[in-house]
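*Asks:* Sharing a structure, written as structure tokens. Questions coming.
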Amino acid sequence: MSQPPPPIAPAPPPSAVGGGGVQVRCAGCKLILTVAPGVTEFVCPTCQLPQMLPPELMKVQFKTAAATTTPPPPQLPSPPPPAVPPSYSPSLPPPLILPAPPSSQPQQHVPAHGIDPTKIQVPCAHCKAILNVPHGLARFTCPQCNVDLAVDLSKLKQFYQPRPTPTPPPPPEEINEVAIEVEREEDEGGLVGETFTDYRPPKLSIGPPHPDPIVETSSLSAVQPPEPTYDLTIRDDLESSKALSCLQIETLVYACQRHLQHLPTGTRAGFFVGDGAGVGKGRTIAGLIWENWHHGRRKSLWISVGSDLKFDARRDLDDVGANCIEVHALNKLPYSKLDSKSVGVKEGVVFLTYSSLIASSEKGRSRLQQLAQWCASGFDGLVIFDECHKAKNLVPEAGSQPTRTGEAVLDLQARLPEARVVYCSATGASEPRNMGYMVRLGLWGAGTSFIDFRDFLSVFSCLLSHAMRNCAIFILYLFYLY
């Protein structure tokens, strides 16, 4: 425990000191201060509090200042200062000084150092000292040079700086136990307020709960997903190993169910996984590969943003029990046929990056041709576009050219019309323009309300407000699931 501070000793009465000036106690920090001769206003060097000498000490100051300089010629007697009322307190403004006849003898003037923020600061027209003038006082006497002064109201504004109005504190935040108000920053949309609710699969009860809390927007929670009709082959393995949560198993069911459908163009329908970061999209992809492996589809393409993610893919496959599936890094393989005797890649997962997808050898053989040859015609295995937003610039804004990555993603889907395409990204649909490569979703083209993607883009780009954009998400969600 800290000991209480010693009591403050009583202040000595204000008195003159031998070296000139007077000693007073600071009204703020209570320290004893020595005020130089001739100074009536000052700022405490410790607590920075502007102060003024009491009227009874001003006369002592002027006498002390006069004694430290060359004795001036005899002066005319001046009337005594007015008596200080007994009720006067140093904390109140000093009483007004009655006008005094100006002295014809020169005096040594020391500029004032104290500033009272509650008064108007006006310079003296004679000694140039800055004076603290109470509001509403039209005439007064300078306490340093005893010159009668009058306030010129027409020029007062240039000396008076109004005090800024303090900003009121913000109201206390309201806590909603059902929904959480959060803010998220979109690419070009600024800060958007969204209401999120807890998410649980409404029509599936397979697998354990997800280890982390998962939420979805309240607008999407109002839309019920379709009835699950697909029966997983690896369901028993997943229930015993608990490698996937109920949320990830739900994605497996709806993705496999979607891959059983074909679009009016004849190509196989694709699936978009838009789970946020940290939900576990990598392990969900591994579960899809493991499910298709049990159906005899032993070849898969996994395209991502970095070659080091190949080790994460290997880990995710091991977690779901797919230890027998090999993962081949394409950047470590030659440009020759992958299923040739020299290379020997007969089955498994070929892992590559978007940079490798547009690469080519010195002889002109491209990785895209190599992959199409390995998959062969009639390929109905998985093609995973992980972090698919890397291909978002397929349809750029006016004046720009489409990127090679976007064109390669589109070309690979055209070469493999029966492939089971999966798009994975937490920000894949942040803007309608970024969805140009998602041709397997069936949102435009034959059998839809839009002739092509540009027709689709022209409609949804007009929905600029956040409310209308939510309506657009509703339409996409319903059209895509059903």
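Glycine too: its Cβ is placed from the backbone N, Cα and C atoms.
Remember, TrEMBL labels are computer predictions, not curated facts.
Since the structure is predicted, the reported quantities are computational estimates derived from the model, not experimental observations.
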*Asks:* Of 66-112, 207-253, which span is tagged region 'Disordered' by TrEMBL?
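*Replies:* That would be 66-112, the stretch labelled region 'Disordered' in TrEMBL.
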*Asks:* Reported in the order helix, strand, coil, what are the DSSP residue counts of the domain 'FORGETTER1 first zinc ribbon' (22-56)?
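*Replies:* The composition, in the requested order, is 2 helix, 14 strand, 19 coil.
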*Asks:* What mean pLDDT score does the domain 'FORGETTER1 first zinc ribbon' (22-56) have in the model?
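*Replies:* 79, rounded to a whole number.
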*Asks:* Could you give me the DSSP helix, strand and coil counts for the domain 'FORGETTER1 second zinc ribbon' (120-152)?
*Replies:* 0 helix, 14 strand, 19 coil
